[in-house]
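Remarks on the structure that follows.
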Ligand SMILES: Nc1ncnc2c1ncn2[C@@H]1O[C@H](COP(=O)(O)OP(=O)(O)O)[C@@H](O)[C@H]1O
Ligand SMILES: [Mg+2]
């Protein structure tokens with residue numbers, strides 16, 4: 001009897017794992033293809049796109065091309081500056097707004113919360129024309145600052161929403177104890193509340209950083225100039241109307257994955273705690 | 001110095017009135033316990049004293065100073081919370097010193113204060129640990145230590161024992177009583193547990209629905225409860241409340257018998273009799289007729305539950321080895337001076353009701 005239950009349990013976990021493994025493969029396949037093919041010569045990419053690079057075929061020609069074009073480092077730097085700065089502002093302002101919304105009672109509190117939820121649902125790209133006009137008249141066209149501003153605006157609603165939910169769970173007694181001890185509201189937020197909601201921050205960091213890093217739209221519209229190009233936009237320069245240097249494109253994309261991977265690993269421990277929740281108590 | 005005065009404090013959240021004009025005068029060094037059922041506004045009142053939330057009207061004075069508009073850290077108070085509220089990322093030592101450092105206290109004075117708190121609460125072994133590595137009782141002691149180092153004029157406790165298990169609760173309760181004796185500081189202590197209130201307090205404030213029901217020493221509240229709420233809330237097991245009619249100095253308790261009572265009582269009343277106010281005799285005697293329906297044996301004593309003729313069930317205190325059987329008819333008599341009369345509609349105590357202390361011979365058994 002118990003054995004039968006045990007076996008049925010095994011079979012169901014096995015099935016669950018098969019489904020999950022299948023899904024993982026499906027999700028990873030495009031990335032793996034890009035990475036594999038970035039090490040193959042052009043002929044092999046089209047001749048046998050699914051084959052692993054062998055000893056005879058392996059080549060670094062794509063990476064060579066990419067790195068020889070000196071501006072690739074510049075693209076990298078631009079992407080990093082934009083992503084890290086936007087992330088910083090999103091978390092900073094997001095935390096402050098979330099603390100205000102979750103901690104203080106003031107007229108319009110719920111209205112502002114609702115307004116932010118709308119910000120999550122309405123894509124910021126709908127306002128591209130307006131944003132472009134604004135940036136041009138502010139003299140910010142073709143600057144990284146324009147991108148940072150737009151991405152901060154894009155990421156804030158979600159950040160405020162998630163963090164204020166988490167902050168509501170932080171014990172009132174703890175904050176009040178700090179007030180009795182004479183800590184300022186800023187110290188309470190940054191020293192006491194933020195460390196407790198770290199998992200929420202990691203979650204927000206991962207979910208907002210990836211779309212920013214990968215975005216092609218706003219760099220193309222707001223900062224297409226040579227000096228302000230981001231990685232994703234830069235990789236496009238290998239795609240021509242008539243000839244495309246696929247080796248270089250794939251190599252550039254592979255390189256673009258690396259920083260995200262590193263940042264992700266940094267946040268991932270916190271992230272898992274955030275997703276499995278209950279961590280805040 | 002540690003005198004606390006509340007003048008006409010009220011609090012409303014939107015349309016809901018949570019506190020209704022609370023006036024209070026706490027003497028220096030007094031231990032005041034605010035007791036009442038959960039949701040009656042005790043914590044709200046304490047938070048107003050602490051400055052953690054604003055009163056809608058009224059003033060808070062500490063040590064003769066109007067502190068109504070000062071932040072919590074400048075009021076000369078320290079607070080101990082139900083959930084301990086220790087800073088999770090700091091060691092015990094860090095928890096004790098943060099407030100003093102924040103106030104830019106001299107390092108030598110900080111060390112002195114911490115040493116004092118550590119000595120009083122025996123915290124030495126834990127100084128380098130984080131709150132996560134301490135048991136509930138130890139955490140609460142650290143929380144009390146964090147209050148002590150502030151040398152406040154007034155200590156505020158918000159249900160500090162509620163998260164502890166029963167055995168620990170008695171121990172920490174004794175420690176708090178001890179602390180009060182030792183420091184002689186003014187303390188305001190909130191609890192929903194009347195036993196804590198009775199054992200700790202110099203004076204108790206009983207609250208219900210945001211209204212102060214009565215203020216007095218434990219024995220005043222026990223002997224002369226101002227209304228039916230205080231009567232049932234204070235004392236364990238609670239006072240028996242029996243409906244009756246009074247007139248011309250005679251009290252008729254619904255369906256069960258007649259007793260003499262104060263001539264001031266007239267019309268529908270509620271009679272309050274504590275379990276130990278009854279004397280129990282075999283059925284057929286003069287008094288209240290009833291039937292034994294249950295017996296609770298507690299070792300040193302036991303409590304009988306007796307159903308009266310009209311269906312009211314009362315609890316009666318009895319020797320542990322009584323011979324009463326379930327379903328046995330009995331007669332209850334009143335011991336002299338144990339009858340409290342309350343107006344049936346308003347619940348207010350009817351004046352001149354016999355007082356256990358003052359008029360032991362006044363009430364006779366019918
Ligand atoms: N921030 C608030 N907003 C609205 N109502 C509140 C708020 N805080 C407390 N209350 C209400 O005030 C009443 C008293 O609360 P509280 O003082 O915490 O009760 P107690 O400590 O006696 O259990 C409760 O009915 C509670 O619902
Ligand atoms: Mg409370």
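Including glycine, each Cβ sits where the backbone N, Cα and C put it.
Residues A:45-63 are the range that TrEMBL records as transmembrane segment, among A:45-63, A:216-234. Relative to the transmembrane segment (A:144-167), the listed stretch A:75-99 leads the set A:14-33, A:75-99, A:111-132, A:188-213, A:246-267 in CB pairs under 8 A. Below 8 angstroms of C-beta separation, residues 116, 144, 147-148, 151-152, 155-156, 159-164, 166-167, 185, 189-190, 193-194, 201, 204-205, 208-209, 212-213, 228-235, 255-256, 259 of the same chain, each at least six residues beyond the ends of the transmembrane segment (A:75-99), sit close to that stretch. Note on the transmembrane segment (A:188-213): residues 79, 82-83, 86-87, 90-91, 94-96, 99, 151, 154-155, 158-159, 162-163, 165-167, 170, 174-175, 178-179, 231-232, 256, 259-260, 263-264, 267-271, 273-275, 277, 279-280 of its chain, located 6 or more positions outside it, place their CB under 8 angstroms from a CB of the stretch.
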